[in-house]
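Annotated features, as they stand in Swiss-Prot:
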- H115: active site, pros-phosphohistidine intermediate (ACT_SITE)
- K9, F57, R85, T91, R102, N112: ATP binding site (BINDING)
- T91: phosphothreonine (MOD_RES)
- S122: phosphoserine (MOD_RES)
Amino acid sequence: MEKTFVMVKPDGVQRQLIGEILLRFERKGLQLIGAKLMKVSEETAGEHYKEHNGKPFFGELVDFITSGPVFAMVWEGEDAIAVARQLIGKTNPKEALPGTIRGDFGMFVGKNIIHGSDSPESAAREINLFFKEDELVEDEKLMNQWIY
């Protein structure tokens, strides 16, 4: 099964959207195998957004992600990355379809509620950045036989 990293950003946490987001992912059939409410250090934020280092908006990304608590998660399932990206919607909430998390709750690109890995490589890197191996609980659920 594929794993993906998803993070409710500070705006989503402050707007109390964690429960709604968890519900959408669970109803879709993904399995939560790791989760924690945490503050992101500047060092971790810089590593998380390293592909944007040197771009004009890099500082804003780091400032925003360190401005308050985030809810970091690891989800597992068939095509988990693509499924999560579909649930999340386009980066710019104004372009995100209704029914997606960003389409329903996002206001503008700078505060777009949620982050999701965009490839197996970024998922592995982000999971390793935010979680220790012993923080992930992989358990074969009986429901998997009804989904996959």
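Even glycines carry a Cβ here, placed using N, Cα and C.
Here the features listed in Swiss-Prot are placed on the structure.
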| residue | record | CB count, 10 Å |
| --- | --- | --- |
| K9 | ATP binding site | 21 |
| F57 | ATP binding site | 12 |
| R85 | ATP binding site | 18 |
| T91 | ATP binding site | 13 |
| R102 | ATP binding site | 23 |
| N112 | ATP binding site | 23 |
| H115 | active site, pros-phosphohistidine intermediate | 20 |
| S122 | phosphoserine | 16 |
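For the pair T91 (ATP binding site) and S122 (phosphoserine), the Cα-Cα distance reads 16 Å. Calculated from their C-alpha atoms, the gap between R85 (ATP binding site) and H115 (active site, pros-phosphohistidine intermediate) amounts to 9 Å. Nearest by CA distance to the residue listed as 'active site, pros-phosphohistidine intermediate', out of the recorded positions K9, F57, R102, S122, is K9.
With respect to their backbone Cα atoms, K9 (ATP binding site) and S122 (phosphoserine) stand 17 Å from each other.
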